[in-house]
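Here is what TrEMBL says about this protein:
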type	residues	note
BINDING	23, 24, 25, 26, 27, 28	NADP(+) binding site
BINDING	157	NADPH binding site
DOMAIN	188-386	domain 'Homoserine dehydrogenase catalytic'
BINDING	241	L-homoserine binding site
ACT_SITE	256	active site, proton donor
């Protein structure tokens, strides 16, 4: 989307940022709330986020005339979308009651209409696709719409951890891509690393605790509690997925590690990363139910992890579940670290990332804070959208 092909807005006062939201789960709904609640602030900044379409896994809801700059999904409709999705219903249930305000497209029609919208607005008024889904099905759409001049903002890690070919297609227009919320939710991880790299300061090591769930688990076990007790408590608090093995397996951290490694210029895929799971293969979901894992599988792991913590403590160290990118190695798993290091001092569910470069050599750049939660993640997405404003007329 070239700014030189566009003319400024007629009134030169308010700039529209046209938006299509993909994914109406926890983060997507929270983003809608943030957009509505920030109307007054954005108005003072001379900005307006104009939502022209929203899609879930089965349907695409879009304005009848997307090129009409005076039409948009008003806040009443956006709140209705949140209500419907919170009830577990499809977006298709909205169209009948609001037939004059939006059109509904399903299945293959949906993809075709999304691409038609991208072609229409991408190189004229501009359009940002916001991927708050957890689906790999958005990859094909995103790699196409950036070629139509559109921008993309991602909270979804899967397009960035797909094949190297898909990744390079997506980043063929890097100025149009923002993905801060894929690592560390709203923390300035991607922006900080990009600033260091573009200043010509080579990064030679990155190590971080990038799972709030596993950070909580490791710090609680360090305090003397059995692993099984801590995981069950974390599940009860809503810190884990319904099946805690989705967290304990380490693949979510591996995806974040891959995003960071590729940001550093590594041309690798997910299977290039060595990942340590906190449970053995015989406890995989296809071999053991969630109930059996929690009642008998997890307790059988307590002694081993307690002994590992004991060995680390005798060395004056602690154990943390981290991603480590250094030399030619990208690994995810339990690592013994000094107690007085930023990662060693980590407690609770915060994320911590240490970045080592020429300038940050003896003392690393440390980024720490809440690295999970729909509110924080959606706030990071909104900040990314606003960061694209100079690409819109």
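Cβ atoms here come from the backbone N, Cα and C positions, even for glycine.
These numbers come from a predicted model, not from an experiment.
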Rounded Cα-Cα span from residue 27 (NADP(+) binding site) to residue 157 (NADPH binding site), Å: 13
Protein Cβ atoms within 10 Å of residue 25 (NADP(+) binding site), excluding its own: 16
Residues within 8 Å of the 23, 24, 25, 26, 27, 28 Cβ centre (excluding the NADP(+) site residues themselves): 29, 30, 31, 85, 132, 133, 374
Cβ-Cβ neighbours of residue 27 (NADP(+) binding site) (radius 10 Å): 26
Sparsest-packed among the binding-site residues, when each Cβ's other Cβ atoms within 10 Å are tallied, from 23, 26, 28: 26
Protein Cβ atoms within 10 Å of the residue listed as 'active site, proton donor', excluding its own: 25
Cα-Cα distance linking residue 256 (active site, proton donor) and residue 24 (NADP(+) binding site), given in Å to the nearest integer: 22
Among 24, 157, 241 [binding-site residues], residue with fewest other Cβ within 10 Å: 241
Residue 23 (NADP(+) binding site) to residue 256 (active site, proton donor) - Cα separation in whole Å: 20
Length of the line joining the Cα atoms of residue 28 (NADP(+) binding site) and residue 256 (active site, proton donor), in Å: 20
Cα distance (Å, whole number) from residue 241 (L-homoserine binding site) to residue 27 (NADP(+) binding site): 15
